[in-house]
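Taken verbatim from TrEMBL:
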- 52-72: transmembrane segment (TRANSMEM)
- 92-113: transmembrane segment (TRANSMEM)
- 120-138: transmembrane segment (TRANSMEM)
- 150-173: transmembrane segment (TRANSMEM)
- 185-207: transmembrane segment (TRANSMEM)
- 213-232: transmembrane segment (TRANSMEM)
- 276-295: transmembrane segment (TRANSMEM)
- 315-337: transmembrane segment (TRANSMEM)
- 349-367: transmembrane segment (TRANSMEM)
- 373-394: transmembrane segment (TRANSMEM)
- 406-425: transmembrane segment (TRANSMEM)
- 445-463: transmembrane segment (TRANSMEM)
Amino acid sequence: MNIDSHSLDNSQKTSTMSLVKTAADAPVDVQLSASSHRLIPIIEYKLYKRRWLGLAAIVLFNIVSGCNGGFFGPISVQAADDFGVTLTQVNWLSNAVNLAYLPASFLTSWILARVGIRNTLLLGGIHLLFATSLRVAATAPRLSNSGAYALLLIAQLFVALAQPCVQIIAVKYSELWFDLRGRMTATMFMSIANPLGGVVGSLVLPALPTTNWAIYVGLIMAVVIFPIGFVVQDRPPTPPTISGSKKSPHILDTLRALFGKVPRDSPSYTEFRDRVDFVIMFLTFGIVVAATGTWSNFANQVSIFSPYGYSEGTAGLMSATLLGAGVVSTIFVSPLFDRFLSGYIGITVRLLLPVVAASWLSLIWTIKPNNLAALFPTFAIIGICSFILLPMGLEIGAEVTRNSETSCALLWFGANLFSFIYIYVEDALRSGPDASPPLNMRRSVIFNAALVVFVAVIIVAGLRGRQTRRQMDEAAAREASGIEGEPAV
């Protein structure tokens, strides 16, 4: 739209206001000064109540997907008996998800940029329907054990396709629909919903009479949740912040920027120090998520605790303590950071991660007979600190790259990569029947603690955690506020 400012009457004292559209269809008030003939764009930011419906839908999808992602962990012993396979084979059902997730995460980031949030979420729902239907097919009595196991493996591949569809959209949705006072809280709800699904699975699935019953319940959940995805909308008519009004760079542009392969004048350019921060966060996010997730997997098999005389029920309670304490604490803490401590995410990460590392390290000596008084508080501390760090890690990734979907895809890629390594290595580190006590996993505990201590050291020593995206939003908001308050000349 061409505007000839010289056509204005120079004697006019008031400003003429017109409405134009940005590339993101965000309304922009353009103030035309008669004396200077300048165009000063003022973006009107707005929040919509409908954002909560979309948030609730994505949370529900993540709960169902999270329950299916670690589906066989809580019932691993029972599933091994019912399908006539070994515990190692059951572990590979979980590992198949982690392995297939790696290429799926990049594919999903590209799909999200092409088809939008709603269609990406619905695609994840379709994958869940395929996965749960194949599991039901695997329960057919005429199938051999090997045939049923093959179907279960294929089903897990569809779960791996579903998981990134519901996880990677989280940070992008909060960026598009929430302002600075609610963005991290929205990210928190969506990011902890997936592990919350694991908590639901660990409580509900073992209570069912057989593995087949658990599989039927999984299909029912997938069928019920699918139509809820239609309430999600891609973007609001008016953005909540300046970052919410901008289109994210292509995934390849962001990857090249992270390797320092783009010129300084490119919109994708990332400073060297921000690139270092992202590498640190990639390692930290991946190792902390893997440490927590795979620990729950082995704890449910009582592989860690049974050699020391703890029952399956007690092992399940310790796993539930870790997950439950983490979920509850994050729900209360994230709104406080959005409202009062939004500029201190980097400092918080540097403070909390050493606590997590010390807690994992203490388990080397804490896991022993008749020591529940020390074990339960330790797992609660690990859960609280680790889950608070989860949305902060995702937000820091988006801050330093200024590309929420690609950074989220890369961080979850790392989490699944390290989870794959963890399950494989920790299963191999299990002691033999001649050890004292037999079949203990002490070496696995040491491996876990060593990696978490490693990332705690590099976080404290190397993370800057500058919130580049937030600083841009705050500067734009201050500038718009200052312009709106100036009298027309």
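Here the Cβ of each residue, glycine as well, is placed from N, Cα and C on the backbone.
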Long-range environment of the transmembrane segment (315-337) - Cβ separation under 8 angstroms, sequence gap at least 6: 74, 184-185, 187-189, 192, 195-196, 198-199, 202-203, 206, 292, 295-296, 299-300, 302, 304-306, 344-345, 348, 375-376, 379-384, 386-388, 390-392
Contact between the transmembrane segment (185-207) and the transmembrane segment (52-72) (3 or more Cβ pairs under 8 Å, separation 6+): yes
Result, the transmembrane segment (213-232) in contact with the transmembrane segment (276-295) (3+ CB pairs under 8 Å): no
Most Cβ pairs under 8 Å with the transmembrane segment (52-72), selected from 150-173, 213-232, 373-394, 406-425: 213-232
Annotated stretches the transmembrane segment (213-232) and the transmembrane segment (120-138) touching (3 or more Cβ pairs under 8 Å): yes
Surrounding residues of the transmembrane segment (445-463) on its own chain - C-beta under 8 Å, 6+ positions past either end: 276-277, 280-281, 283-284, 287-288, 291, 295, 304, 346, 349-350, 353-354, 356-357, 360-361, 363-364, 367, 422, 425-426, 429
Beyond the flanks of the transmembrane segment (150-173) by at least 6 residues, Cβ under 8 Å: 54-55, 58, 61-62, 65, 68-69, 71, 83, 92-94, 96-101, 104-105, 107-109, 111-112, 117, 120-121, 123-125, 127-128, 130-132, 134-135, 137-138, 143, 186-187, 190-191, 194, 232, 248, 394-395, 397-398, 404-405, 407-409, 412
Surrounding residues of the transmembrane segment (349-367) on its own chain - C-beta under 8 Å, 6+ positions past either end: 284, 288, 291, 304-305, 308, 374-375, 378, 381-382, 385-386, 388-389, 392-393, 396, 442, 445-446, 448-449, 452-453, 455-456, 459-460, 463, 465
